[in-house]
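Remarks on the structure that follows.
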Amino acid sequence: MTHGYPTGTGAHPEPTPSVDVPRQRTAHPAPTAPKPGRDRYLDLLRSIALVRVVVYHLFGWAWLSVLFPSMGVMFALAGSLMARSLSRPALSVIKSRVRRLLPPLWAFSAVVLPLLFVGGWNPVKDPDNGGTWGLVELIDYIVPIGAPPYPWHAGTLSGLVDDSWADQAAGPLWYLRAYLWFVVASPLLLWAFRRVPWATLLAPLGLTAIVGTGLVTIPGETGNAVTDFGVYGSCWVLGFAHQEGVLAKVPRYAAVSCATLVMAFGLWWASGHLGEDGWDLNDIPLAQATWSLGFVVILLQYSPSWRELPGPLRRWDKVITLSNNRAVTIYLWHNLLIMATVPLIDLGYRLPFMQSERASSALDSTYTMWMFFLVWPLIALAIAAFGWIEDLAARRPPRLWPNGTKRNRAGDGSGAHAPRG
Amino acid sequence: MASRPRRPRAAAPPRDGLARRRLPMRLLLPMLVLVALVAMLMLRGYVHSEILADHRIQPEAATDKVPEKILEGGPVIDTRSGRATSLRVPDHRLVLTFDDGPDPTWTPKVLDVLAKHHAHAVFFVTGTMASRYPELVDRMVREGHEVGLHTFNHPDLSYQSDKRIDWELSTNQLAITGAAGIRTSLFRPPYSSFADAMDDKSWPVTEYIGSRGYITVVNDTDSEDWKKPGVEEIIRRATPHDGKGAIVLMHDSGGDRRQTVQALDRFLPGLQSEGYKFENLTEALGAPSALTPVTGPELWQGKAWIFLVRVSDDITGVLVVGLAVIGALVIGRFALMLLLSGIHARRVRRRGFGWGPAVTEPVSVLVPAYNEAKCIENTVRSLTASEHPVEVIVIDDGSTDGTARIVESLGLPGVRVIRQRNAGKPAALNRGLANASHDLIVMMDGDTVFEPATVRELVQPFGDPRVGAVAGNAKVGNRDSLIGAWQHIEYVMGFNLDRRMYDVLRCMPTIPGAVGAFRRSALERVGGMSDDTLAEDTDITMALHRDGWRVVYAENARAWTEAPESVQQLWSQRYRWSYGTMQAIWKHRRALVERGPSGRFGRVGLPLVSLFMVVAPLLAPLIDVFLLYGVVFGPTQKTVVAWLGVLGIQAFCAAYAFRLDRERMSHLISLPLQQLLYRQLMYVVLLQSWITAVTGGRLRWQKLRRTGAVAAPGGPGQRRRTHHAGDRRPVA
């Protein structure tokens with residue numbers, strides 16, 4: 001196992017939101033092209049996926065990866081949007097995607113790298129990938145052609161956090177690398193999809209069956225990149241199928257039944273290849289690929305194309321809009337923020353009424369729950385502090401709190417509206 | 001085991017208020033039954049070590065944390081209230097200990113041998129076995145032996161949390177209390193051996209158990225009888241040297257213990273003659289008994305536990321029998337259907353087959369319609385394209401959407417419209433019958449579309465004068481949705497397997513409302529359509545059988561219909577069907593004891609229909625209960641393979657039905673999901689009908705019958721206008 005792609009730990013990096021969130025309804029309509037109608041169903045899926053990722057990284061419950069395969073959903077949604085954009089010249093589309101992706105990453109890197117260095121990390125002397133190469137790989141913090149490297153054990157930052165914090169914080173960055181490669185490969189993939197749709201859809205599964213099952217092992221970061229490409233490639237291409245209307249042409253009974261069979265295969269495969277976290281599909285590439293694909297087929301087959309959220313969901317409207325507008329920010333920062341809850345909660349032990357044995361053991365046993373409650377306000381702060389970079393990257397006027405309400409000009413937002421979730 | 005498709009006529013949603021008020025009660029009862037069933041299964045799973053079983057064994061560990069005096073001391077280890085002392089059995093005393101029992105076969109034999117030689121011993125029983133065979137524990141205590149704890153289901157305690165250890169001890173104690181009315185203070189850890197085998201993993205457990213008030217008893221000599229080394233070897237290993245005292249480890253459970261019993265029978269008199277005494281532990285140590293009588297609530301708790309375990313065992317036994325019955329029914333039904341439908345298909349497809357002289361006389365087609373504005377034009381136009389001469393009579397049953405006007409404005413020749421005040425489908429059909437000019441009557445629904453050949457094919461069987469009615473072949477038009485594909489499979493199987501079988505057995509229960517033909521004389525003899533039941537088509541078909549008419553199936557008379565698209569619509573449609581079928585069976589129950597054709601139908605048809613359509617679905621949930629239990633608690637693989645086997649049989653039958661109907665096989669891909677989602681819906685609906693019938697009492701039966709009957713005529717038209725459900729149709 002090399003850097004950048006840890007597996008098997010409770011809160012390891014996982015997928016994430018599309019970097020590709022298109023413009024929201026906003027007071028400042030996009031300068032180019034008429035505002036495309038938002039499909040609120042897809043927005044809802046993206047929000048659920050985000051919340052699921054945060055909850056999973058917080059509690060580490062393996063079954064969440066089965067309950068809702070967030071990363072598959074995110075890649076499928078991103079693939080769908082990519083296919084829509086590719087009606088324009090491919091090069092400019094890729095450039096615009098990359099341009100939107102990088103600045104938020106730079107902001108993140110600008111905070112994390114100094115912390116790593118303060119924590120005593122010297123990339124030249126890293127046991128996993130030292131030397132000049134280690135230095136070269138730092139480029140991944142600027143353009144993630146690979147997952148950025150980080151030390152397994154970083155300094156504890158004056159004992160405030162566990163020494164695995166770097167793993168926790170930078171681990172999720174592999175998603176950016178996967179996304180970047182999907183974006184670059186998309187013109188070719190779409191070309192292939194239009195000629196041989198089925199073969200293009202299923203080819204990544206085949207790739208996963210070869211490189212994700214130990215049949216062929218590609219070492220290092222290249223291997224991770226190829227495996228991720230295979231595992232989520234089918235979902236990405238499925239996004240094409242959804243966007244191009246191909247999926248809608250398959251009779252629903254056939255799509256759902258075949259998807260169920262593919263998912264059943266995934267579960268069966270998982271049952272025979274359980275990782276150290278049991279049923280955590282993130283550790284079982286072929287199961288993850290098939291389960292995610294089948295799951296997303298069903299989600300997109302029933303895609304109802306809401307212009308507006310239906311009745312009971314409407315009360316979540318602002319949260320969904322906000323999380324879609326700030327998906328990259330939330331994804332990039334959430335794990336670091338989960339880490340940041342620890343020193344905050346530890347302050348609780350110093351409170352005067354917390355000195356009894358019983359009080360502190362009560363805090364011990366409810367610790368994760370406090371982390372869960374605390375991480376959302378922190379995410380809200382991160383949105384306020386760094387979210388506007390997403391707007392700049394998309395060449396939009398920066399907004400502080402883009403939750404879709406009319407008064408969302410700068411100055412309106414405050415950390416008070418933590419996303420519920 | 002879903003109910004078979006008959007009338008592809010859809011759902012008038014049951015009267016809203018009525019449904020809503022009663023739904024919770026109807027759901028509550030099956031839910032309670034289900035929860036009780038699952039609880040009983042789980043309890044049985046616990047005491048049969050299928051749930052929570054943990055077969056890991058700790059490898060040997062270092063011993064530096066175990067006190068030296070314990071390692072070198074005797075096998076009776078007392079760690080209560082912080083002590084760490086051990087005791088040995090005095091010379092010339094032997095304490096036989098038997099682990100893992102009681103076993104229903106071998107424990108009585110061991111007890112017999114002990115009694116024969118007036119020996120006492122100690123039995124370390126597990127909670128699971130003690131719960132299942134409490135009378136043996138009782139006998140041990142009555143015959144002067146001591147009983148000790150050996151945990152509930154025999155895990156290696158060094159792997160378990162303190163909580164689990166507490167649970168293991170208390171549940172084991174509970175079982176012993178329930179069985180023999182005593183508590184014991186003796187404990188032997190699973191996988192234990194000699195005192196010097198204590199290590200850093202097992203010693204903390206021993207200390208903890210001492211803190212709970214128990215004395216840990218290991219052993220001096222191990223007979224290793226579980227390896228079945230032969231009687232001689234068992235005796236050799238068990239015997240201590242030089243007249244020393246010893247605690248001897250033996251087993252009365254866990255396999256064939258013949259050698260143990262034989263060894264005892266020689267070992268006991270042999271050593272007794274050397275001056276050994278065989279006593280239980282406290283007798284040998286000269287201490288007060290380890291057993292104390294229990295009274296009061298604790299005793300009753302124990303007794304309740306034993307009772308529940310017994311009940312759960314019995315219920316599981318009944319369930320297993322039920323599963324076997326339903327399995328046999330399913331397989332038997334499939335075999336019968338394959339055989340008879342093959343015979344039927346071969347018979348009617350034989351070259352030169354005919355029912356009699358070709359039927360060319362004109363036919364009256366009755367189309368009862370209630371708010372069918374959307375579909376009625378297609379329906380009527382498909383009829384006028386008929387290859388057979390037809391007179392079309394549309395009976396508008398008080399529609400409010402201008403159905404009648406649409407038909408009239410078409411101005412088609414040979415199409416008449418009759419209007420009536422809303423009076424229900426049976427009344428509409430009777431009115432149409434009175435106005436029909438011809439002697440052959442075809443009945444269809446207002447949302448069904450015929451092929452040009454349908455009417456001709458449908459009436460050909462009337463060439464045989466004994467035939468009184470003919471069922472056509474209804475097909476699902478909207479089969480590309482998931483729920484549509486499931487119903488498509490159900491219809492194709494229902495029409496090509498069930499109906500052919502019933503045709504050969506001469507007891508077809510239903511002519512589908514969507515496509516059926518009747519001889520006017522036959523209808524008149526039984527008094528026309530009746531609104532006694534929610535399923536007037538089943539009712540009339542049974543009445544015709546009892547009147548001696550033959551009812552046959554015409555495979556080429558295809559009618560295309562639209563199946564319900566939502567679960568709710570499907571639910572109310574099937575609810576009316578299954579409840580109506582039960583009403584019809586009840587209405588015609590006297591056929592069972594009558595003479596002639598009525599008696600024949602009553603003694604062959606009614607039981608068959610009741611078995612397949614009413615009784616079998618009652619047992620069908622067992623398949624899912626056992627499937628779920630098997631998948632979760634094991635043996636997972638066997639369960640899944642068995643389920644796939646049954647699925648394979650289903651798929652084979654379905655494929656055969658599709659081939660008979662020359663349908664494309666592609667829809668069969670949704671069969672596995674159908675078995676996992678749709679089948680359950682069907683039997684839950686039937687269970688609901690049962691509950692309505694059983695708990696509803698006569699009054700409710702009446703009420704429901706009336707409301708249902710008036711809601712009936714609409715057909716699918718009504719389902720598309722559920723907001724009309726509040727428009728009460730006047731009762732005829």
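Every residue gets a Cβ built from N, Cα and C, even glycine.
Pulled from TrEMBL:
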type     : residues  : note
DOMAIN   : A:40-388  : domain 'Acyltransferase 3'
REGION   : A:1-35    : region 'Disordered'
TRANSMEM : A:60-81   : transmembrane segment
TRANSMEM : A:101-121 : transmembrane segment
TRANSMEM : A:174-193 : transmembrane segment
TRANSMEM : A:200-218 : transmembrane segment
TRANSMEM : A:224-241 : transmembrane segment
TRANSMEM : A:253-271 : transmembrane segment
TRANSMEM : A:291-309 : transmembrane segment
TRANSMEM : A:330-349 : transmembrane segment
TRANSMEM : A:369-389 : transmembrane segment
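A contact between the transmembrane segment (A:60-81) and the transmembrane segment (A:291-309) is present, since 3 or more of their C-beta pairs, 6 or more residues apart, lie under 8 Å. Between the transmembrane segment (A:330-349) and the stretches A:101-121, A:174-193, A:253-271, A:291-309, Cβ pairs under 8 Å are most numerous for A:101-121.
By the Cβ criterion (under 8 Å, sequence separation of 6 or more), the transmembrane segment (A:224-241) is in contact with the transmembrane segment (A:291-309), since 3+ such pairs are found. Comparing A:101-121, A:174-193, A:291-309 for CB pairs under 8 angstroms to the transmembrane segment (A:253-271), the maximum falls on A:291-309. Within its own chain, the transmembrane segment (A:101-121) has Cβ neighbours under 8 Å at 19, 138, 141-144, 148, 150-151, 154-157, 166, 169-170, 173, 176, 179-180, 183, 328-329, 332-333, 336, 386, 389-390, 392-393, counting only residues six or more beyond its boundaries. Across the domain 'Acyltransferase 3' (A:40-388), mean pLDDT in this model comes to 89.
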